[in-house]
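What Swiss-Prot records for 15-23, 33-40, 63-67, 121-124, 151-153 is GTP binding site, and it gives similarity to another entry as the kind of evidence. Per Swiss-Prot, motif 'Effector region' is recorded for 37-45. Look at Swiss-Prot and you will find CYS200, CYS201 tagged as S-geranylgeranyl cysteine.
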Amino acid sequence: MNPEYDYLFKLLLIGDSGVGKSCLLLRFADDTYTESYISTIGVDFKIRTIELDGKTIKLQIWDTAGQERFRTITSSYYRGAHGIIVVYDVTDQESFNNVKQWLHEIDRYACENVNKLLVGNKSDLTAKRVVSTDAAKEFAESLGIEFLETSAKNAANVEKAFMMMAAQIKKRMANAPVAPKAGVKLTPGQQVPSNGGSKCC
């Protein structure tokens, strides 16, 4: 076990271009915000270590490009992700409509039991809002995933979103059956789980 942390969780931020994924990451990792918008090219990542239930958790957070032309690059980053945060812009109906497509990408590329969180960003732009909180909440509930609205600009719920995701993953890890180690007796007919395939986390 690495003495610096108890857990290392890989998180992924996905969603349409311009919804504020990079801003959310900057706010959480560095507590900074910039109005100037530069599209992420391919992927970028930052690391932040948090404390949760007396455990030290290192979060490796990957920020992916939302543009279609980067899909083939970013799809490989789904593998091995413990948690995926799907971000849309509350002032952009199309970005919310496209959440279904992003969830399809998760089903296609990510681990079967990966944790998911739906985040509606830019909640500070109340006058420009087009996606209601209730509609998004209802949609998330129908899929059985958690939902939060955030504002990277004023830091509303940003910390909460990442902490919620970390707590979900930690809970899943704690409840997951431990693979048999060498010397452990297996019941007749029981197979040792392999580490191969896409069911990786």
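In case you wondered, yes, glycine gets a Cβ from its N, Cα and C as well.
Mapped onto this structure are the features recorded in Swiss-Prot.
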residue	record	DSSP class
GLY15	GTP binding site	coil
CYS23	GTP binding site	helix
SER123	GTP binding site	coil
LYS153	GTP binding site	coil
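Here the binding-site residues are VAL19, CYS23, and the one ringed by the most other CB atoms within 10 angstroms is VAL19. Ranked by Cβ neighbours within 10 A across all protein chains shown, the binding-site residues GLY15, SER123, LYS153 are led by GLY15.
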